[in-house]
């Protein structure tokens, strides 16, 4: 049945239509013919002494009733020409696409027979739509079903947000009737108004009621939920409230991303696995409809996210980004989420940044996220050390991936500007982990990777560890040793400067020559220390040069030994060839001599 009202259908008959029975006057006893109903198989029968004369089919259920009680209250039935039944006496009527189905029509049938009517939030919306379908207006009887259901919705349902939620849920299968009758709009407006006005309630009351209201709103179907959120935004609800409801809805209806991932390989990462594998083909074949529903839900939720920062957590944004990638959301939506994450990156953690890796460009999302952060916080990045710490921890995690190319690791390591790091200990730890996981890197790649690290920003403990780290290139080790010596020198100088004022105060009454001699001794000591540092530097440089020459000598020796081996094989082969030729000649000579002796013996025997 389309959404055309029963009144319009009545007018469409015109003068050429069937004769209406609205002028018939029914005795009061006619409408009290039925005391109850009974069901046999898939049919409902009215218990009455008068035989039924009307068969009404709703879906696959047939109702046996009397024509007059229905005509007296239903304008639609009174306006159409009833067709005689072919199987039995009376008339037959089939109601197509009846709102609420057979259960709702059973309630209406009881109402037409003046049996008690039980209106409640569960059945009032279907009854309101069905009464509109049958055109049960005041024109046919005062207090008809349209007015009763409308009054119940207005004065009972809309007075309670719990009843309003119940009615709104019952409207899911009543489209387009519930929309045209403004039932959905009124319910959504009431819920949005209630959610917005909870801000003015004291906090102790909000804690009890707010959670229930928000949780119940987050259980609606996606269409009605979007209507409520859109109305809340139009009423200028607080972004934190809107974001809280959206996050709750995602928890209820979107799957946890790990449930859709298979073949996880952690490579010793414990709980923070990096290597995700999504069996997309199997997922789409087994539940293609469910995947499409999840994709539409994601796109709907992202479209109504409040633009204000802090409305939703960075953890939630990264979760939505992961889910969007898994369910192949639109590139524009993924880009929007990346921008949102970039603006809230300071609140993220390493586990949130571990995005499913099933594409060829698995690191591009992380790179763009950091780029968006730098664009948004370009002036404030110095005051946010949490970002450099986050990147250090993230690099340490992805460095454990044996399939991660060095170029992608280096791009991420160079994302933040140099002044964003106060200390490079975390970066050193990540580089060391990468070198440990990728032992086959060439010396050139090792030097290139270590250039991203500033040795001057390493702590003393990190320098001492790096000085004994054989995974680092030799040049980096020399630089770190130099840095260690320089740091020790600076520390000693600072200690001397701290002690100098104390000594001056103690000996303030001493002679001027003693002060000068003490200063000269300090200067002499510092010069000796500086000479020692220079000497150690020259020793390290000479050691480095010797090692470099030894390496080159060994490399050239290996090449020369390899060439000598080839030449020796050639000489050996030539000697072997000559020897084989000599042996061949010797056999030929022996055979020829043997043949001559045989022929001589034959000649002697013949003679």
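Count begins at 1; order follows the chain as displayed.
Every residue, even glycine, has its Cβ placed from backbone N, Cα and C.
What Swiss-Prot annotates here:
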DOMAIN    52-121  domain 'BTB'
DOMAIN    211-487  domain 'NPH3'
MOD_RES   428  phosphotyrosine
REGION    498-520  region 'Disordered'
COMPBIAS  499-520  compositional bias 'Basic and acidic residues'
COILED    511-563  coiled coil
REGION    573-607  region 'Disordered'
COMPBIAS  577-586  compositional bias 'Basic and acidic residues'
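For the domain 'BTB' (52-121), the model gives a mean pLDDT of 86. Counting residues of the domain 'BTB' (52-121) by DSSP class, helix then strand then coil, yields 24 helix, 17 strand, 29 coil. The residue listed as 'phosphotyrosine' carries a helical DSSP state (H, G or I).
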